[in-house]
Amino acid sequence: MPDSLPSDSVGLVSPKTIHFDKPLELACGQSLESYDLVVETYGKLNADASNAVLICHALSGHHHAAGYHSLDDRKPGWWDSCIGPGKPIDTNRFFVVSLNNLGGCHGSTGPNSNNPETGKPYGPDFPVVTVADWVASQARLADHLGIQQWAAVVGGSLGGMQALQWSLDYPDRLRHSVVIASTPRLTAQNIAFNEVARQAITSDREFFEGRYYDENLVPKRGLMLARMVGHITYLSDASMGEKFGRELREEAYKFGFDAEFQVESYLRYQGERFSETFDANTYLLMTRALDYFDPAYDFGGDLSKALAPAQCEYLVLSFSTDWRFSPARSEEMVNAMISARKRVSYAEIDAPWGHDAFLIPTPRYTDIFTAYMDRVAREVGA
């Protein structure tokens, strides 16, 4: 952490918890009688509440998207490169809202929250949630904040799915939908990766069928393996080759099965760190929400028909080396938007970092994103 905060940082921020008493009906047929959402906001809401931007997070994301919680923080929020004064989502112009979704493990109601009916953590009794459920809860959050219409709803990866869902479920409540490194539905391969991750977690002997809280345990090894598998899919072959190659940790082979290659050590480190901060039941929920996302499902697989209600303008961005959600998946969305006669701008960004490229401020990505959000700001007089 530097001695002073960067001039383009939103600075020190504090999350707040908002409680909702009205029951939320879920796609699975169950309901949450009450729930909490943890939120951070950056910038100021203008007089007519027209300059608000919603940030939707990806699988392992949360509400802390920008700035610092204390001067001792080593790193800022997960999308600090794009949120702040003079950045693509300029907090001198926009009021930015970022939340931890339902089912999360960073303060919003989820599996590690106490079930009011039992006084114990929900664990596996927490209902399965979908992208549409998240969007419904976010709409209530907008109501609470006095925001009738978002200037833009923005998200990368799973967050992009939420930005797309917003345009279908609440078409008059957003002007722009920004969908980055995302997909209109998972391929069989993506579902398979998620299933391997879930099996890694549920087969951990300390999982206890999701009731590990009662045992004061964490299925750490399962979480580690799940994260290691996921992390491989977030990087490109080229970026892994450039960063690690076949470099050894020491000068010679050890002829054993400990981590000898630098890439092995890196994956173990990432898995270990993740297992210390993330909840296993939340990981299961998030991956299942990914699997279920398919707006075209009720329209015979025709995405252009699913898009019929949309009124907003879209920005869709993909990255050349993203093989988790490849440019072909973004092009599928764009073609459907064009067929549905929607306004859409699209760019494929040449970047070597795979799926994680949406988190890295490369010049062309930043320029396109900034130019688009500048137009959004001018439209609402921000």
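Heads up, the Cβ atoms here are built off N, Cα and C, so glycines get one too.
Here Swiss-Prot flags 51-359 as domain 'AB hydrolase-1'.
Look at Swiss-Prot and you will find Ser157 tagged as active site, nucleophile. DSSP assigns Ser157 (active site, nucleophile) to coil, not to a helix or a strand. Neighbour count (other Cβ atoms within 10 Å of the Cβ, all protein chains): 27 for Ser157 (active site, nucleophile).
Under the DSSP three-state reduction, Asp356 (substrate binding site) is assigned to helix. If you look up Swiss-Prot, you'll see Arg227, Asp356 marked as substrate binding site, on the strength of sequence analysis.
All protein chains included, Asp322 (active site) registers 28 other Cβ atoms within 10 Å of its own Cβ. Residues or ranges marked as active site by Swiss-Prot: Asp322 (among others).
The site 'Important for acyl-CoA specificity' annotation in Swiss-Prot covers Arg324 and is backed by sequence analysis. According to its DSSP assignment, Arg324 (site 'Important for acyl-CoA specificity') is coil. Listed in sequence order, Ser157, Asn190, Thr233, Tyr234, Gly354, His355 are the same-chain residues at least 6 apart in sequence whose CB falls under 8 Å from the CB of Arg324 (site 'Important for acyl-CoA specificity').
Neighbour density for His355 (active site): within 10 A of its CB lie 24 other CB atoms from the protein chains shown. If you look up Swiss-Prot, you'll see His355 (among others) marked as active site, on the strength of sequence analysis.
With respect to their backbone Cα atoms, Asp322 (active site) and Asp356 (substrate binding site) stand 8 Å from each other. Applying an 8 A CB threshold to same-chain residues 6+ apart, the list for Arg227 (substrate binding site) reads Ala197, Gln270, Gly271, Phe274, Ser275, Phe278. Around Asp356 (substrate binding site), a 10 Å sphere centred on its CB holds 22 further CB atoms from the protein chains shown.
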